[in-house]
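Engineer: Below are the features I grabbed from TrEMBL:
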BINDING   H107, H109, E114, H156  Mn(2+) binding site
DISULFID  C30-C45  disulfide bond
DOMAIN    59-210  domain 'Cupin type-1'
SIGNAL    1-20  signal peptide
Amino acid sequence: MAAHFLFLALLALASSHAIASDPSQLQDFCVADLKSNVLVNGFVCKDPKLAKAEDFFFYGLDKHRDTGNKLGSNVTQVNVNQIPGLNTLGISLARLDFAPYGVNPPHIHPRGTEILTVLEGTLHVGFVTSNNPNNQLFTKVLNKGDVFVFPQGLIHFQFNYGKTNAVAIAALSSQNPGVITIANAVFGAKPPISDYVLAKAFQLDKKTVDWLQAQFWMDNNN
């Protein structure tokens, strides 16, 4: 019986580490030393005696961002790179600005789940499940005050199909959730992915793939 309980305890401990998104904190805080040359999973801590209020502070998230680009959107990231005090805390934030008919194109966050709240306007949002089960699309039209969740690692998007600007705030379950924009990664890779591979994968002719690879795939994340 004791061995059985020991096995269950070890299994629970292993599972907790397996599902953890970011390393857990072992002290009050671990302000990231962004200038350190030491490579670790995340960032090394600077001396806590040198920490200051500015390490936990970011300003200007109330300001509308420039959406005058081909996508008509702008994402302002507030993660550990902007607030060093987020290191090991497993959370970050982003502001999303949309011009009329602007889009935050299909992308994934490899290290974090996202929960989004609409502050202004109307957004058409959605995510797609993995190949099994069957790449199912979950989609919803969100109005001011509505909330939607995008599970970690799944392709998702936001589109403002209204005639006015839209603004949303997103919280993410990682100090550095990362962003992989699908079109940028596939057609804008450097060096480029073989056009033969892409033509075969997307069932397109090689000329179409070459044209897509020649486009400028902008990044709307700042």
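Using N, Cα and C of the backbone, Cβ positions are placed for all residues, glycine too.
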Engineer: Roughly how many Å separate the Cα of H109 (Mn(2+) binding site) from that of C30 (disulfide bond), to the nearest whole number?
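Structural biologist: The separation of the Cα atoms works out to 23 Å.
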Engineer: Can you figure out which of H107, E114, H156 (the binding-site residues) comes closest in space to C45 (disulfide bond), comparing Cα atoms?
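Structural biologist: Closest by Cα distance to C45 (disulfide bond) among the binding-site residues H107, E114, H156: E114.
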Engineer: I'm checking region-level scores; what's the whole-number mean pLDDT for the domain 'Cupin type-1' (59-210)?
Structural biologist: 97
Engineer: Restricting to the chain of E114 (Mn(2+) binding site) and a gap of 6 or more, list residues whose Cβ falls under 8 Å of its Cβ, or answer none.
Structural biologist: V149, F150, H156, A170, A171, L172, S173, P177
